[in-house]
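These come from TrEMBL:
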type	residues	note
TRANSMEM	A:6-29	transmembrane segment
TRANSMEM	A:41-59	transmembrane segment
TRANSMEM	A:95-115	transmembrane segment
TRANSMEM	A:135-159	transmembrane segment
TRANSMEM	A:228-253	transmembrane segment
TRANSMEM	A:259-276	transmembrane segment
């Protein structure tokens with residue numbers, strides 16, 4: 001029973017990681033770049049949400065409706081102002097630029113919010129749980145998971161069937177050829193990053209309500225998202241979701257075995273996948 | 001032009017001076033215990049470590065096309081190997097410093113085998129995961145005292161004078177191996193292949209350069225240099241913890257030094273490391289604000305001046321310290337212009353290009369057959 005519980009908790013934790021991973025898979029799939037400040041943006045949005053809820057005196061449930069538009073704007077500005085200048089075959093400029101951004105953001109947040117951990121309380125909802133057979137499952141983690149499932153499905157369908165999805169896949173396959181066919185590649189890139197960071201707005205709300213946030217947490221979130229993406233298969237939306245589940249399960253099962261081994265087991269599963277199936281679980285090649 | 005009256009010049013006046021100064025510095029450092037204060041000796045040790053790790057990161061990113069944000073893995077391994085061998089096993093701590101280099105190189109091989117299949121940006125984050133895994137693993141091993149770290153108690157058997165002498169000699173050796181070693185490496189045939197690989201891996205491969213082997217070799221050499229720097233740094237600190245030894249901030253230092261100083265040039269990381277060291281001395285008191293500025297400066301350099309300070313400098317004056325180019329001088333028109341043999345991508349990537357004037361001719365390094373010491377233009 002202990003292990004079944006660990007499995008369920010791992011899947012629910014994976015729901016949170018999936019939200020970080022989707023944006024990263026989307027950006028890498030389209031532009032072949034990784035935003036090292038990805039995790040720091042989650043933390044930034046979460047801290048902004050906590051502060052806004054406190055200052056405006058509104059219900060915490062309003063926060064996602066503020067954070068998602070803010071994420072979209074930040075993502076769009078990030079792409080237009082920084083990333084569009086470094087989308088190239090050479091990985092160095094984009095990595096170094098976002099690395100610099102990550103250091104600056106982390107320390108800026110430290111300056112504004114100090115190193116304290118914070119969280120967003122939803123009152124009674126935070127501790128509510130329902131009985132699923134022999135297990136008790138928190139309502140909030142279940143909601144986060146359901147949202148991640150819905151998000152993955154929406155993103156998958158949007159990429160497949162909408163005009164924007166087609167333009168995005170065209171720009172991903174060959175930016176120049178897409179431009180020749182009338183696709184505004186830079187515009188598509190800006191939209192992709194806007195969506196990715198917009199998702200982080202929702203993820204920030206989930207993270208702040210489910211656990212805690214502190215300015216230095218960004219690097220860890222980036223690593224979990226990255227592990228999920230690689231385990232699932234690079235640039236693969238549903239693969240990223242599956243990978244997030246696996247990272248979540250590995251961490252929870254590992255920490256039940258020995259508290260010191262939680263996050264380490266996530267890393268070990270990731271390294272094992274690299275050794276045994278480097279193209280990722282969902283990849284067709 | 002006939003080929004017989006062409007000579008290849010590989011040194012300039014500035015480089016001869018720089019070489020003499022370098023030899024002077026490397027021989028002067030071990031004499032410091034006799035004339036310098038303890039504070040200054042500590043400065044020199046730390047600075048040597050910074051220059052070494054920056055130079056190693058420059059080899060990776062600037063020549064092998066491998067961007068790593070996990071260099072702290074090798075700092076930590078180097079440090080811990082020193083502490084385990086000297087403290088737990090009773091080896092001579094000073095001789096264990098070079099040994100740490102081999103240990104770090106050995107650890108780098110499985111890392112490379114696991115990570116090599118990842119594409120550029122994913123390779124970088126993969127190195128970070130590897131370093132994090134090593135940090136957590138170290139924190140769980142009770143033999144090295146887990147998360148609370150270790151102290152280097154064996155150093156108590158040496159007098160302060162002996163310690164200072166040993167540390168400064170190791171600093172000299174570290175600089176000689178990392179900076180001097182890179183210089184010798186890049187001026188060799190292997191260096192030509194390396195430069196070709198940096199500029200155009202596909203073209204280099206088509207000219208017979210074994211790109212995969214080059215990448216692995218540079219990866220191992222960089223790990224060795226970084227590991228030795230880690231051992232020396234923590235020998236001076238006398239204490240190591242997993243959180244300090246495997247701190248991602250080590251990679252931030254590498255990236256800042258190399259990108260601000262100038263990537264793909266031997267002078268760049270030295271300038272960058274000096275800048276970082278003195279900036280931290282003067283502005284470190286501002287804490288987080290200083291780091292915000294450091295991060296923004298890295299971002300701005302990546303966007304607007306990818307060649308760093310060295311490239312801006314060499315636009316003003318072309319006085320290389322450690323030239324690795326081969327300048328072809330035509331003896332029949334010796335009084336006139338030199339013909340510079342320089343790789344084409346230098347211009348493409350915005351590296352120092354002071355010689356875009358009449359009489360210079362750019363030849364792609366990749367179009368030169370390795371194995372010949374003189375080149376046909």
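Glycine too: its Cβ is placed from the backbone N, Cα and C atoms.
Note that TrEMBL annotation is computational and uncurated.
Each of A:6-29, A:41-59, A:95-115, A:135-159, A:259-276 was scored by its Cβ pairs under 8 Å to the transmembrane segment (A:228-253), and the highest score goes to A:6-29. The recorded stretches the transmembrane segment (A:135-159) and the transmembrane segment (A:41-59) do not share 3+ CB pairs below 8 A when only pairs 6 or more apart in sequence are counted, and are therefore not in contact. Residues of the same chain lying 6 or more positions beyond the ends of the transmembrane segment (A:41-59) and with a Cβ under 8 Å from any Cβ of it are 20, 35, 66-67, 70-71, 74, 105, 109, 112-113, 118-120, 197, 200-201, 203-205, 207-208, 213-215, 217-218, 221. Using a Cβ-Cβ cut-off under 8 Å and counting only residues 6 or more beyond its ends in the same chain, the transmembrane segment (A:259-276) has close neighbours at 220, 224, 227, 230-231, 246-247, 250-253.
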